[in-house]
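Report on the following structure.
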Amino acid sequence: MASRQRPPPSGPPHRSPDHRNSTYNIIPIHNLLADHPSLRFPEVRAATAAIRAVGDLRRPPFVPWQPHYDLLDWLGLFFGFQAANVSNQREHLVLHLANAQMRLQPPPDNVDTLDPTVIRRFRRKLLNNYTHWCSFLGRKSNIWISDNRRSTDSRRELLYVALYLLIWGESANLRFIPECICYIFHHMAMELNKILEDYIDENTGMPVLPSISGENAFLEHVVKPIYNTVKAEVENSRNGTAPHSHWRNYDDVNEYFWSRRCFDKLKWPIDTGSSFFWGAVKGKTVGKTGFVEQRSFLNLFRSFDKLWIMLVLFLQAAIVVSWKERYAYPWQALRDKDVQVKVLSVFITWSVLRFVKSVLDGLMQYKLVSRETLWLGVRMVLKVVVSAIWIVIFVVFYVKIWDQRNHDRRWSPAANRRIVTFLEAGFVFLIPEILALSLFFIPWIRNFLENTNWRILYMVTWWFQSRSFVGRGLREGLVDNIKYSLFWIVVLATKFCFSYFMQIKPMIRPTKDLLDLQDVTYEWHEFFGNSNRFAVGLLWAPVVLIYLMDLQIWYSIYSSIVGMGVGLFNHLGEIRNMQQLRLRFQFFASAMQFNLMPEEQMLNQIGTFKSKFKDAIHRLKLRYGFGRPFKKLESNQIEAQKFALVWNEIILTFREEDIVSDREVELLELPENTWNVRVVRWPCLLLCNELLLALGQAKELVDAPDKWLWYKMAKNEYRRCAVIEAYESVKHLLLTIVKLNTPEHSIITTFFQEIDNSIEIEKFTKTFNMLMLPKLHSQLITLVGLLIKPEKNINKVVNTLQALYEVATRDFFKDKRNMDQLKEDGLAPQRPVSGGGLLFENVVELPGSENEIFYRQARRLHMILTSHDAMNNVPVNLEARRRIAFFSNSLFMNMPHAPQVEKMMAFSVLTPYYNEEVVYNKEQLRTENEDGVSTLYYLQTIYADEWKNFLERMKREGMKSDDELWTIKLRDLRLWASYRGQTLARTVRGMMYYYRALKMLAFLDSAAEVDIREGSVELRSMRRGGSDGGGGTMAARGISRANSTVSTLFKGHEYGTALMKYTYVVACQIYGTQKVKKDPHADEILYLMKNNEALRVAYVDEVVVSQSVSEYYSVLVKYDQELGKEVEIYRVKLPGPLKLGEGKPENQNHAMIFTRGDAVQTIDMNQDNYFEEALKMRNLLEEYRSYYGIRKPTILGVRENIFTGSVSSLAWFMSAQETSFVTLGQRVLANPLKIRLHYGHPDVFDRFWFLTRGGISKASRLINLSEDIFAGFNCTLRGGNVTHHEYIQVGKGRDVGLNQVSMFEAKVASGNGEQVLSRDVYRLGHRLDFFRMLSFYYTTVGFFFNTLMISLTVYVFLWGRLYLALSGVESSVAENANTNRALGTILNQQFIVQLGLFTALPMIVENSLELGFLAAIWDFITMQLQLSSVFFTFSLGTRAHYFGRTILHGGAKYRATGRGFVVEHKKFAENYRLYARSHFVKAIELGLILTIYAGYSPVAKGTFTYIALTISSWFLVFSWIMAPFVFNPSGFDWLKTVYDFEDFMDWIWFRGGVFAKSDESWEAWWYEEQDHLRTTGIFGKIFEIILDLRFFFFQYGIVYQLGIAAGSKSIVVYLLSWIYIIVALVIYSIIAYARENYAAKDHIYYRLVQFLVIILGSLIIAAMIQFTEFEFLDLFTSLLAFIPTGWGFLLIAQVFRPVLKNTWIWGTVVSVARLYDILFGVIIMTPVAFLSWMPGFQSMQTRILFNDAFSRGLQIFKILSGKKSKVFKILF
């Protein structure tokens, strides 16, 4: 935020604006006589007139009334709103009302007056949330207007909406607290009513005045007190490190207004002495409201208890049923009465789980109970008591059943009666579930009951849930209900069948064997006697964990299948490449006309069944070519002209982006009809080879009649057009180059007349010799080839014409004609050629080089005549091909009809920006990294074809030499590079395509036929206007960016229409600071504003008033083209600093007041857009009018294209994974699962819906770390509807280096960890129906929890096997193959997940759909060869680590991943810092377990069994250790490995100081890694210590295996082993003391101490070998025991750091920790060094990392070695 001194004081508030000099944003409302295109619309004048209709309203006192004041000024003066806020909302309101009136159907009778319907609809929508809030609290709404249609008090309605917008516009951070705004509006609307109704104040006897008034009164007296309270609470959070339960976040403050007490406590005017404001007073705290966020894994059980109850009950029932092994199938076992009764024990378990849930609710939410919420406490206690009673009832009844059974020794009638009694109790227990199930099948009744606010319903539902304003009426319609219910029934049926037969049943026999095992010979001191139950538990533990998580796998499988089906029905992937586009292109123009061009429909037909049926039939015809719709698009039709304009503009943008070359533009464009060709002139690309094929047909069918030959040719539309176009072009060309009024011209005319006549009478084949066509063809090729050469040779042209004439007259006619006949027929000169010369000698006159039209068409003709291949590889650029294929395919998909631009919904795009790159500067492009590679060279190599196209364009635009790229053309060079990075410039360019598209569409909407025809002619002439400066080809001169676009045809109104419909706001939070500091970023942002008319920049400006006081403003600026400078439009004062919670959502929030329109698209800083996709935006916005289920959409989900996938294999993996998530994943969530949320960008929000419900993201500190998804949570909870649409796409960049990817994964995992604690997740878990809850769980927090479970499974399995091996139990059951076979089968499931196969499945399915099955399989195989499984396994570890740590300890934080290009080598020390705790240490631990298990397990002696059991674990160890090096450029370069290790050791031993950073000093990093232990609670610390105790097990298990133990099983052996720990610690302390005191000065003493220690140690070892059973191997074996013990002590010491910090012990802890990290570093570095030393691994690794780039012919080795090409060196 900018920090500067206060400017000179401004004049009085609401000063009359200077009409001549006033700046404005979009419309100059202050001056309706101004020459501005938007003011031409009568709707704008009508809206302005409506808000100026002050009429007889009582004037505000104390301020003189000015004639130009309007209703917003009136409100501003009465209620004390800021002048800037009033100006901003005035334009906001006028724009919206004008746009709404434009869309009104039927159109109003009087367009100069605002229709009351417009205001009424807007008021209902804007105040809908307020109305519901009043109803919820049982308060009468203060909207004193009847809702019937006859009510026409438009001015009062306008005042209400204006008042709400003014409150919202000035509420700053309070916009995150929507019901607080409702509370404020409620009271201010009441005061407005009193003013309007002329109430008299009882105290003064004067007319009523508002409670607050005066300059900035609203900000100072209403907003600031609440803002200060929120700010104080945030300060109490200690930057997010305090537990969430200790301070109130935005949600807590908002939920205070969900109860009637807000009226009693806060009052109006606001009573700042209320307990609500105590948080702002030091020493006083206010309790939480509505929900208490407690950090615990048990939140997952609390939020999704139904899921866990289902899983636990089935597990219990399945074990009971499968225990009797004589039954093969469960239904057979259930015939057994004993089994039936045992299954009833699930009721006891269920009641216990309910009890646990009730206790957890009480323990976690007790802080909500206060004097005002006593009933909440009563309910908590009652729930615990009742659930305990149910446990007692079920246990007693169950015991009685078996007592009776055992007493009678059979199932007697008495026993059966007791079963019936038990079942009756169970029925009562199930009544709530039965009721919920019945309401599930009639969802509309449940919605009605939940949305009504009857007191009787509150009393009935009080027991089940707290009263909440959100989360009511969330049920979907019956059809949607059935769809997602069926999906989950199939998934659950599959899961439970698999679990029963493949997981549970195979474990029964091993379990019984283990329980029956007697006389186990334990290898250690056994504490549990002879019971093997602990061993059974360890055996079952991994099975149970996999059972609990594998529903995720089944969901993934079925969602992929369903997603593919939905995609097929949506017609995705029907056009995948240029070949398929060729087949469809002939229907393309009709599809574009049908979808993108508005068509007039009768008002009574829109939306009717008849119109929908006609649409469906029309789409069917287009999609499958029925009816040949292209037939009506012959070149004299206006539709073809429109299509050509749009298509050519798309190709032109491709050329501007340098993804096609000049030649490819000519191949792809639709040329104008310049040579009177009577057919559609398809792109040259489509006509290639068709003429040659036609000639071949003519040769084959030489004797066929005309009709048959033409029938065969015309079957192919492109061939028909190619033949006709070639014939008519040749005719036109010959008549053009031969002078008029000459015998030769007459001969040519006569010849073509004869051909035309023979065709007309169908005697062409009878008249002409078809075998001569190839001869004519070759002569024509020669002629046209001569014409298009830069140097024209007239003589050769004449010779060719003569040769052509000879063939035509002598050989072409079947009936040979002599000279006299030729003269008679007009095919030879009547008299000798003048001058005695030859025919054509003096009559050829070629057009001048300035006649570009002629030569462009000649080149096209030459291409048609000569092309031999189908040109399937045009365009060369893969991205261009992909975009053309996607756009063309999308036009055959189902989408709403496009309205006219004037009638479309207006929208804005909002992009938050902080300090990222805007445009790369010269130094960034030239600076080389340590490998000698600069950013520009990297881009040149990766985008070789685009660089070539860029140079071609620069030369066309006047560049003489490559040196000019760094001088005259530097700006173009910087932009070219920036458009290939993830920069703001790229995003702005993409988003401004909306503006460009809307202008063009507005022109096409209103242009008459004559405009378009004349426009085509005008475009042709203007295209040739630019001089080429003598460089480049003819083709190049035809494509000038400045004057070849459709914009040259605009009449002026298009700009006004586009500005009214579209605004782009970039929230550059610190732009003010950047300007003050002269930051280059500020200049680049200004440049973007200067070049983009619709771009606005919002920033926060800090003005220093005094030394300790600053004022903050939300400022909007634009670039004024007339003044030639940046101008400030609005400056709205804020109550204080912007950032209270998470920065990004608050940056979005402050800029939201400057957005306009009905919708807002949220676009991130790393996104892009495409012109052809922008054309479909008005179709997308029409989706808001349609019902999806029982609701209209509130968020329109938009598909993303990940554009960073081609950089490296790693970027490709990430891109493929992300692509499947944003396409297939979101598609299934939207339909059929109906639980798509807003996971991020680029979704389109219903702006006014969200504006009144808390905004487009949440901002509470830490809990809303993943701020975007909370908008989706909020939307769903408040009854919104999120859809997904795949006929439109937006570009998206992703992280491309492993470190960037890992930081991104860490951020997302940490955000999900915080979500687990949130009230939103809890409420969705409880308020959604069961099946939608499952969908929600498995696609949000459940996915991450199951990822953690996979890691946990490996741990539990290996620790269990280690226990069985070291204890001796495994030796006793070694003969039992059942156990290992069962475990092997089950663990294979875990391996499948671990390999990332269930992540890969959606990718394969989505690629199959969009690229084809074989391509998808090939991609998958390639990925596996490039070690994608290593990457996915590594990512699994990242997610598991950060998700688990966040829930357990907190410490989540926003991680800026950086968006640069990653090709430089990452040093070992950097990788170690990033992955030591999350991956390396864990992998070493697992590797150690596997090594010990291999040494001491009898199973390990059977190699195959050992491999089958441990291969997945070894693969995980390999992945977690090696991935950072496999995916690190030059990861196995020997020299770099050596330097990396030296750098690592320097970092380890660098002491640094207090200010040393973690990347400089090991100690700083070590302390930083413990930050989470500083923020964790007491339970987190206890849990951490319990987890750390596992490291002591190594010592206990191994010491009994040592030779020195001499086979003793006494506990004394273990106790004596601690002597070694003490001795090692003493020796280390002695050496450390000696080093510290003697190493520097008295070095001889230090060496003496070392010598004595070595001698003493040697003597002790010798003595033990001599006098005990000690073996020399014990030395190494004991290391495996004692090193883990030391590590366990270290971890526990870190937990006790606050206690130990100031003691002598802490120094030892730090020293030992350093040694451990050196040890870990050496262990990690060893395999890396070995592979670096081995020849060939470096090149193999490079191939793996950059294989995709290799396949595209890129020279990655050159990049990595920095060997630049000569071309690049010239540039420098």
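Yeah, the Cβs are placed from backbone N, Cα and C, and that goes for glycine too.
The annotation region 'Disordered' is assigned in TrEMBL to 1-22.
Per TrEMBL, compositional bias 'Pro residues' is recorded for 1-14.
Under the heading domain '1,3-beta-glucan synthase component FKS1-like', TrEMBL lists 155-271.
Per TrEMBL, the feature transmembrane segment maps to 307-323 (among others).
Within its own chain, the transmembrane segment (380-399) has Cβ neighbours under 8 Å at 344-345, 347-348, 351-352, 354-355, 357-359, 361-362, 365-366, 369, 418, 421-422, 425-426, 429, 463, counting only residues six or more beyond its boundaries. Annotation comment: TrEMBL describes 380-399 (among others) as transmembrane segment.
TrEMBL lists 420-445 (among others) with the feature transmembrane segment.
The annotation transmembrane segment is assigned in TrEMBL to 532-549 (among others).
According to TrEMBL, the feature transmembrane segment maps to 1336-1358 (among others).
Among the features that TrEMBL reports, transmembrane segment is placed at 1411-1436 (among others).
Positions annotated as transmembrane segment by TrEMBL: 1474-1494 (among others).
Here TrEMBL flags 1506-1527 (among others) as transmembrane segment. Tertiary neighbourhood of the transmembrane segment (1506-1527): same-chain residues 1209-1210, 1297-1299, 1354, 1357-1358, 1361, 1380, 1383-1384, 1387-1388, 1390-1391, 1394-1395, 1427, 1429-1431, 1433-1434, 1437, 1466, 1471, 1474-1475, 1479-1480, 1482-1484, 1486-1487, 1490, 1493-1494, 1497, 1499-1500, 1724, 1727-1728, 1731, 1741, 1744-1745, selected by CB-CB distance under 8 Å and a gap of 6+ residues from either end.
Sequence-distant contacts of the transmembrane segment (1611-1632) (same chain, six or more residues past either end, CB-CB distance under 8 Å): 524-525, 1595-1596, 1599-1600, 1605, 1649-1650, 1653, 1657, 1678, 1681-1682, 1685-1686, 1708, 1711-1712. TrEMBL lists 1611-1632 (among others) with the feature transmembrane segment.
The transmembrane segment annotation in TrEMBL covers 1644-1665 (among others). Through the fold, the transmembrane segment (1644-1665) approaches residues 1604, 1627, 1630-1631, 1634-1635, 1638, 1671-1672, 1675 of its own chain, all at least 6 residues removed from its boundaries and within a Cβ separation under 8 Å.
Under the heading transmembrane segment, TrEMBL lists 1672-1695 (among others).
The transmembrane segment annotation in TrEMBL covers 1715-1734 (among others).
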Mind checking which residues reach the transmembrane segment (1672-1695)? Cβ under 8 Å, same chain, six or more beyond either end.
1485, 1488, 1491-1492, 1570, 1573, 1581, 1584-1585, 1588-1592, 1594-1595, 1597-1599, 1601-1604, 1617, 1620-1621, 1624, 1661, 1665, 1705-1706, 1709, 1712-1713, 1716, 1719
Rounded mean pLDDT for the residues that make up the domain '1,3-beta-glucan synthase component FKS1-like' (155-271):
90
Surrounding residues of the transmembrane segment (420-445) on its own chain - C-beta under 8 Å, 6+ positions past either end:
344, 347, 350-351, 390, 393-394, 397-398, 401, 464, 475-478, 481, 1190, 1329-1330
Residues sitting near the transmembrane segment (1336-1358): Cβ under 8 Å, six or more positions beyond its termini, same chain?
300, 304, 307, 538, 541-542, 545-546, 548-549, 551-552, 555, 1225, 1229, 1235, 1237, 1269, 1309, 1312-1313, 1315-1316, 1321, 1324-1325, 1328, 1383, 1387, 1390, 1393-1394, 1436-1437, 1439-1441, 1443-1444, 1482, 1486, 1489-1490, 1493, 1510, 1512-1513, 1516
Residue list, the transmembrane segment (1715-1734) vs rest of chain: Cβ under 8 Å, 6 or more residues beyond ends.
1468, 1472, 1476, 1480-1481, 1484, 1521-1522, 1525, 1531-1534, 1536-1537, 1540-1541, 1544-1545, 1548, 1562, 1566, 1683, 1686-1687, 1690
Which numbers of helix, strand and coil residues does DSSP report for the domain '1,3-beta-glucan synthase component FKS1-like' (155-271)?
78 helix, 2 strand, 37 coil
